[in-house]
Each structure stands twice: as C-alpha cells, then as structure tokens.
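What follows is a short report on a single structure.
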Amino acid sequence: MVNNTNAKPRDAWGSRLGFIMAAAGSAVGLGNIWKFPYTAGESGGGAFVAIYLFFVIFIGFSVMLTEFAIGRKTGLSAVGAFKSTDRRWSFVGIMGVLSGLLIMGFYPVVGGWSIAYIYKIASGLLSTPEAIGDSFGGFISNPVQPLMWMALYLFLNILIVIRGISGGIEKAGKILMPLLFVILIIVSVKGLTLPGSSEGLKFLFSPDFSVVDSNVVLAALGQAFFSLSLGMGAMITYGSYLKKKENLVQNTAMVTAMDTGVAILAGIAMFPAMFAFGMEPAAGPGLVFVVVPQLFAEMGGMIGLLLALLFFIGLSVAALTSSVSLLEVVVSYLIDEKGMKRPTAVISSSVVMASLCVLASLSLGGVGPTLFDTGAFDIFDLLTDKIFLAVGGMFICIFAGWRLKRDELEKEITNDGEVSFPLFGLWYNLVKFVIPGLIAIVAIAGIMSGFDSGKGAIMVMGLVIIGLAALFSKKL
Ligand code: PFF
C-alpha cells in the first residue's frame, strides 16, 4: 500500500479482523488484568470504577478515534505523523517514543513474573497455599531470578516485532486474544459460584464517592489512557497501517468495548472470589500474583491447578500482545525517521529497554538509585501512567482540534463522506475544547495532591521532561 504523504510502500493489515485483534491486543494487557484490579482495590472500588468508565466513554473513545484518524491520514508513525504536518508538533511524537521506552522499562518485568508463574504453578506452588504470599515477595525482590524471566519475555517480543507488522503481531493477536476471553469467563464463573462472592460484586459496582479525592481521579484518568494504549502514538502507529476503506468509528468502538469488557471481567474474576475467601482488596501490585494462586489453591484439585495455569498463560499472552505495540512505537520511529533496518531498530531499542528493566526489577529488592524515596520501577510507572500518557493525549487533541482542519478530519473519519458519523460535531468539540481542559484540570489537581508524598515532585519532573522535549524535538 502506498500512502498519500509517504512514498515508501508500507505494510498494511491483512484483514479487518487482524487489525481489530491487534489493536485490541495492544489495549488488553497487564493494564486490564494486573493494574486495573489492584488500582481499583487500592482506590476504594466502585467509585474508582465509575470514574474510570466515565473517562473511557468521554475521553478514551474520542482520543482513540483521533489517534486512528491521524495515523491513517498521515500513514506515518508517532513522530512522523506530527512532523509531516508541522515540525513544531513533533515533540508530541517524541514524548510518545519516550513513553514507549519508559513503559517498556517496567512492563517486561511484570510480563516476566507472569511467565514465571506458569512455571511456578506447574511445579507445585499451589500445594502450599500458606507460602504463596511470601513466595511472591521473595521472588520479585530476588536480584537474579526475575531478570531471567524478564529477558525471556523481552526475547519473545523481539521475535514477534522483528517479523514485521502483518507477519508477527497480527498472527499472534488473532490466535491468542480469543483464548484469553474464554479463560477469564471460566475463572469469573467459578469465582461467582463461591458463597459470599456477592460482596465482591458490591465492592466493584456500588460506588461510594466519599472515598474520592483528586488522586483517585487522576489514577482513573491514567488508567483509562494506559489501558486503552492512548496518549503515546501507539494507536497512531497502528492506524497508519489501516486501509482507507475501514470504518474508523466502528473500529474504535469495538476496541474500546473489548478493552473495557476485559478490565471489568478481570475485576469480576478476582474480587468476588477474594471476598469469598476473606482476602484484602488493597493488596497492591502483588494482588494478581498472590490472590489468584491462593484462590485456586484453596479451590484445590486438578481444576484449581488447571484454571491457575490457564489464567497465567492468558495473562502472559495479553501482556505480550500489548508490549509488542509499545516496542513497535519505538521501532517504527527508528525505521521511519532514522532510516534504520527493522532488525537493527528492534535490537537497539530492546537493549535500552532491557537496561531500564534491570533498574526497575532491582529497585523492588531495594537495590539501585532512588529519587524522592521512589525506586526506578515506581518512577517509570508514575511518569508514564500519571503524566506522559494523559498529557500526551491532551496534546494529541489540541493538535487535532487546533492545528488540523475540521473538514480534513471529517473527510478522514467518514471516508470522504461514505461512512455516516452523526456525532462528528460532538466528537470534534470534545476533542477541541472539553478533553484538553478536563485533562489539564485533573492533572494539576492530581499533581498538587501528590505533594503529600514524594510523588508530586516526580510528576513535576515529568512536566519538565515534556518541556525539554518540546524545546529540543526539532533536533530529533
Ligand atoms: N494497554 C496496555 C495494557 O493495558 O496493558 C499497555 C499499553 C500498551 C499502554 C501500549 C500504552 C501503549 F501505547
């Protein structure tokens, strides 16, 4: 396929289903199954879920549509998409590449834990339920073991991305995504049949807004961006491979619905069973890795073992189809902007990511540098999840609303008038006015309340990095 602004032939998605599966594969990942449940658990449950859903519908959907439209219109990846319109805007793409690098500085660590748990469960972890909690703590703070699993995880990413977009990513997504849905449904049904499980549903779905402060609101906004893979150009890059005849609105709706469905399903898979067993919802990042095995151990027998195995296979697969898109953002920048060959681009970005992951993993054992009492793992997470993605999304909207022309966008989204999108005016005004304003307010309030801990300073540092990116991006 040859694009309008780009004379180079460009890979395209082999089929419509392939695109949906790959984009949903990018969205559905550790964010849904690892991060969503523990963040909801720590942030008071129902109220967090309600605010998260509000952000998904009113911000996430619109930003995703914007990213797909920019990507397909320019036929370029994150940086090129902005640069080809106006060089001054390339910092938004550069920020995206930076976010990709930083998220890949901790994501493969957790992806590695997930693969490790397949092995641990197969080799008898469930037979000593009392030891599961300590075993997780001991495992992630071990200086060597998690690094080996991280390396294996990163290696799998390299294998997929090196084969290129329709060969590798598309095939992986198509086979592995449906498997994940099935596993989560089985696990949820099992959890819901336990006595006392209804308390878990209440925790997830009946909001108590008295527990909400600006921290919770920013956490919900960050979660919406992280989970939908927005704000860093991943969906711009994926959109750039999208054929001109595809219906962008429909694709956006399907990806958003699938991602949100999986997050809610992951919540239903976990909380009812946790409450049934009298466990703690605010268990933190270890929640999935402690509670799920414990839950299946108490269930006992072959079924418990099998479900636990399937769960962690599903988690690993979901993580993999997401991290390949993170890697792809960095790789396609190096290919499109720096003229690198794909294998060179993949290997060189993976080396940087692996180094960051080593810092992140060691920080969990209290080893390595800290900043404001925060280790590398938490710094990378905080910077990207709370600042870069949301602020990136804000700039993407400002770019679309104020720099691109309204009729250009309308043409792109409606395929030159062939697809009807009666809500175009609403979408346009959301993107131009409402979303940038709302993100700015939520981010500022969240940063202010972050000063109660060391987090505020790190978030301000994130803003400074964005400023520097804006200043120097013309050189990159
Ligand atoms: N959406 C992914 C998840 O929920 O795990 C993470 C992610 C992928 C974030 C790609 C951002 C991105 F560009």
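Placed from the backbone N, Cα and C atoms, the Cβ positions cover glycine too.
Annotated transmembrane segment per TrEMBL: 12-34, 46-70, 91-119, 147-165, 177-196, 216-241, 262-283, 303-334, 346-367, 387-404, 425-448, 454-472, in sequence order.
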Do the transmembrane segment (425-448) and the transmembrane segment (147-165) share at least 3 Cβ pairs under 8 Å, sequence separation 6 or more?
no
Sort out for me which stretch, of 12-34, 262-283, 454-472, has the most Cβ pairs below 8 angstroms to the transmembrane segment (303-334).
12-34
For the transmembrane segment (46-70), name the stretch out of 177-196, 216-241, 346-367 with the most CB-CB pairs under 8 Å.
216-241
Residues sitting near the transmembrane segment (387-404): Cβ under 8 Å, six or more positions beyond its termini, same chain?
59, 62-63, 66-67, 69-70, 82, 85-86, 89, 92, 95-96, 98-99, 102, 218, 221-222, 225-226, 230-233, 236, 428, 431-433, 435-436, 439-440, 442-443, 447, 459, 462-463, 466
Which stretch, 12-34, 91-119, 216-241, 454-472, tops the Cβ pairs under 8 Å count with the transmembrane segment (346-367)?
91-119
Checking distant contacts: for the transmembrane segment (12-34), what same-chain residues at least six beyond its ends satisfy Cβ-Cβ under 8 A?
1, 107, 110-111, 114, 165-166, 169-170, 172-174, 176-177, 180, 184, 223, 226-229, 234-235, 238, 241-243, 246, 251, 254-256, 258-259, 262-263, 266, 285, 287-288, 314-315, 318-319, 321-325
Against the transmembrane segment (216-241), which of these stretches has the most C-beta pairs under 8 Å: 91-119, 177-196, 262-283, 454-472?
91-119
Can you tell me which parts of the same chain pack against the transmembrane segment (91-119), counting only residues 6+ beyond its ends and a CB-CB cutoff under 8 A?
30, 34, 77-83, 125, 139-140, 145-154, 157, 231-234, 236, 289, 293, 309, 312-313, 315-316, 319-320, 322-323, 326-327, 329-330, 333, 349, 352-354, 356-357, 359-361, 364, 376-377, 380-381, 383-384, 388-389, 391-392, 395-396, 399, 465-466, 469-471, 473, 476
State the residues, same chain only, that lie 6 or more residues beyond the ends of the transmembrane segment (262-283) and have a CB under 8 A from a CB inside it; answer 'none' if no residue qualifies.
28, 31-33, 36-38, 40-42, 45, 49, 52, 180-181, 184-185, 187-188, 190-192, 194-201, 203-204, 227, 290-292, 294-295, 298, 311, 318
